[in-house]
């Protein structure tokens, strides 16, 4: 449980590091995913599992990498437009998108928790951004849209990753490493296509990017991947709420994000909705 907790805390700093890095969105994604992937490879090697990164794993990782690249494309732009806190909160609506896809296409049973989650999360979203929508700048509105598109892309990434892991019968860390490296390559190609520079402007940017890749991504997700297997299912959703909650706190602490009681109430309702949306109905016991 301790490892899972620290992993969630570490990844909560991801959006902060993206903002501090002061490089183009896709360049930040490249540095995070590519070098984070190398960090994961080092962990695989240290665990004696490097041989599990086979050509079979690489092939099955490609679709997940495409959705993951979309996720970072939207999320990093949202961070720049609305800040680390709100962008991460919006991205975590992936829980609702994931539940909807599971119900509509995978024929999962609709639970009471989900029926409560949808209106609760939407009311929270309205209080966060809907009440003051007309007063927002066009860039801020675009950032909100990017944040919600992040949620959709991340939900599709998780579904494709789960499918690929099952079909490929792969080691989760090996596939996560392959996905990270391939996503980094896709974002690098996107950056080159836009003529963006990969130059790291100063020491602060270097430290932020190194922390983002090696600490937030490699170590953070390793701790979560390892800890999630030992944690009760009922606690997983609750612990994962640490990321959006802490990201919101860091935005206030480090970047003086202005807040209102209405927005904070919306954040609280959104977190409740996200948590309820993460609860899966228990399978019926056979007799």
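A Cβ is built for glycine as well, from the same backbone N, Cα and C atoms used for every other residue.
Annotated features, as they stand in TrEMBL:
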DOMAIN    4-129  domain 'EamA'
DOMAIN    142-276  domain 'EamA'
TRANSMEM  28-45  transmembrane segment
TRANSMEM  57-75  transmembrane segment
TRANSMEM  81-106  transmembrane segment
TRANSMEM  113-136  transmembrane segment
TRANSMEM  142-161  transmembrane segment
TRANSMEM  173-193  transmembrane segment
TRANSMEM  205-224  transmembrane segment
TRANSMEM  236-255  transmembrane segment
TRANSMEM  261-279  transmembrane segment
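Taking the domain 'EamA' (142-276) as a whole, pLDDT averages 87 in the prediction. Remote same-chain partners of the transmembrane segment (81-106), defined as residues 6 or more beyond its termini with a Cβ less than 8 Å from a stretch Cβ, comprise 12, 14-16, 18-19, 71, 75, 114, 117-118, 121, 125, 128-129, 139-140, 142-144, 146-148, 150-152, 154-156, 158-159, 237, 241, 243-244, 247-252, 255, 257, 267, 270, 273-274, 277-278. Taken through DSSP, the domain 'EamA' (4-129) splits into 107 helix, 0 strand, 19 coil. In terms of DSSP helix, strand and coil, the domain 'EamA' (142-276) has 113 helix, 0 strand, 22 coil. Long-range contacts of the transmembrane segment (113-136) within the same chain: residues 86, 89-90, 93, 95-96, 99, 103, 144, 262-263, 265-277, 279, 281, each at least 6 residues beyond the stretch ends and with a Cβ under 8 Å from a Cβ of the stretch.
Proximity of the transmembrane segment (57-75) to the transmembrane segment (261-279) is not established, fewer than 3 Cβ-Cβ distances being under 8 Å for residue pairs spaced 6 or more apart.
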